[in-house]
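What TrEMBL annotates here:
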- GLY183, GLY185, LYS186, THR187: ATP binding site (BINDING)
- 172-308: domain 'AAA+ ATPase' (DOMAIN)
- 383-452: domain 'Chromosomal replication initiator DnaA C-terminal' (DOMAIN)
- 1-96: region 'Domain I, interacts with DnaA modulators' (REGION)
- 356-474: region 'Domain IV, binds dsDNA' (REGION)
Amino acid sequence: MSVTARSVWDNCLTFIKDNIQPQAFKTWFDPIKPVRLTDKSLSIQVPSKFFYEWLEEHYITLLKVALTRELGEGAKLVYVIKMENTYGNREPFTEKIPSSNRGQMTPQEMDVPIKSKNPQLKNPFVIPGIRNIKIESQLNPNYNFENFLEGDSNRLARSAGMAVANKPGGTSFNPLLIFGGVGLGKTHLAHAIGVEIKDKYPDRTVLYISAEKFTQQYIESVKKNTRNDFIHFYQLIDVLLIDDVQFLSGKSGTQDVFFHIFNHLHQNGKQVILTSDKAPVDMQDIEQRLLSRFKWGLSAELQTPDYETRVSILKNKLYRDGVEMPEEIIDYVAKHIKTNIRELEGAIISLIAQSSFNKKEVTLDLAQKVVEKFVKNTKREVSIDYIQKVVSDYFEMDVATLQSKTRKRHIVQARQLAMYFAKKYTKASLASIGSQIGKRDHATVLHACKTVDNLAETDKQFRKYIDDLTKKFS
Ligand SMILES: Nc1ncnc2c1ncn2[C@@H]1O[C@H](COP(=O)(O)OP(=O)(O)OP(=O)(O)O)[C@@H](O)[C@H]1O
């Protein structure tokens, strides 16, 4: 009887079957198809990259023994990955996995094509496979748990973060969504989780990325026709940390690709950690299917810190910088800056700088001046809801009228002004502004902004509206 790929593989299967649990055999070996036998090299087709990773991680020794029994010393195994048509490409997608000689691969380097005309993978018995790709985590080691001080305002989020770091992908906090206002520690906590995981599990692939950068990379990949590479890159990650997911609002293409990546990671027991400036219920222009996934795990809020926590944060900062400061100064700063930890730190840094440059002692008087300036200089973030409320009040109408479909001139003008200020004072996209102000499209918002600019030049009364409203926002 002639030796074929089929016959060799069948013999291997008999051996493998005797050595592993029936369920594992069914899951990991039934779906494999032998495709080619050349000399001492057997090619087997596996359904996904994940499948390949799993085989390499858990069954490589067994596979090697089985194959060597059949083909003798020097037997080689070649994987062929054949994926079904999941991302809209017409042909099934076959690819090669990059080998370790690529060295450090950062997400920015995604333009390096990893798709190959040759659908075969390197022989895992000889060349280390995908597990050896190094992905730069983009983590900041200064943002760790040790210097993320605990208080009532962050206890839940911090402990959930710890739990996730102890067992990434292995808790019900998947995804873990950390949300809260500006400067309350979302980014710090996200990094801390990543840093802790890297310490505990150095082999896990961790990646921190802002939703903004993720979006830019995605747009680039579409332009360069490397969308599949983009998706596969993210599917390799064990722990994915995405900062400021509210940035995805109104960006349906990026949401769609993230949805697929998220599903893949989640299904494969990988950990996803997200941060956002609002709770999922308050997120605008995020597709329902994505929002519902955000809610699968745990949403933990970072609230404004209480007085005691603010004092501890200040003291810790001073301690780490090796600076001493009188209690009454710390107390003064903590009492007057309440809603933003970044501002709290900023004020104390400014005080340290002032005193060392001017060789002055830090007095209460100096502290008052710094804090006053600090609080005054901090631009308040305004929300689109707030803008609509202020503009409606100014024109003595209610918000529903401002948003209505009417073409009455004064209402149209009020609506256009609301759109103009939303563009000016928030980071929301035109599409998101439009949908929040009476469900209009982005072109309407763009038109509104241009009209307001024109009228500001030509219409004195209209100019006054703008000036009055600007004062209200500043
Ligand atoms: N619990 C804490 N202990 C110590 N420092 C903290 C704590 N929370 C926040 N900080 C510090 O406050 C600053 C602001 O935090 P961070 O940048 O993480 O806020 P954020 O919520 O991500 O802000 P944004 O909404 O602007 O993205 C950082 O320097 C961070 O180290």
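Glycine is treated like the rest: Cβ placed from N, Cα and C.
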Inset, instruction - Over the domain 'Chromosomal replication initiator DnaA C-terminal' (383-452), work out the mean pLDDT and round it to an integer. - result: 92
Inset, instruction - Enter the number of other CB atoms within 10 angstroms of the CB of GLY183 (ATP binding site). - result: 20
Legend entry - Assigned conformation of LYS186 (ATP binding site) - DSSP reduced to three states: helix
Inset, instruction - Compile a sequence-ordered list of residues in the same chain as GLY185 (ATP binding site), six or more apart from it, whose Cβ lies below 8 A from its Cβ; state 'none' when nothing qualifies. - result: PHE148, ASN154, LEU302, ILE341
Inset, instruction - Give the sequence-ordered list of residues that share a chain with THR187 (ATP binding site), lie 6 or more positions from it, and have CB atoms under 8 Å from its CB. - result: TYR143, ASP243, THR275
Inset, instruction - Measure the Cβ-based neighbour count of LYS186 (ATP binding site), defined as the other Cβ atoms within 10 Å of its Cβ. - result: 22
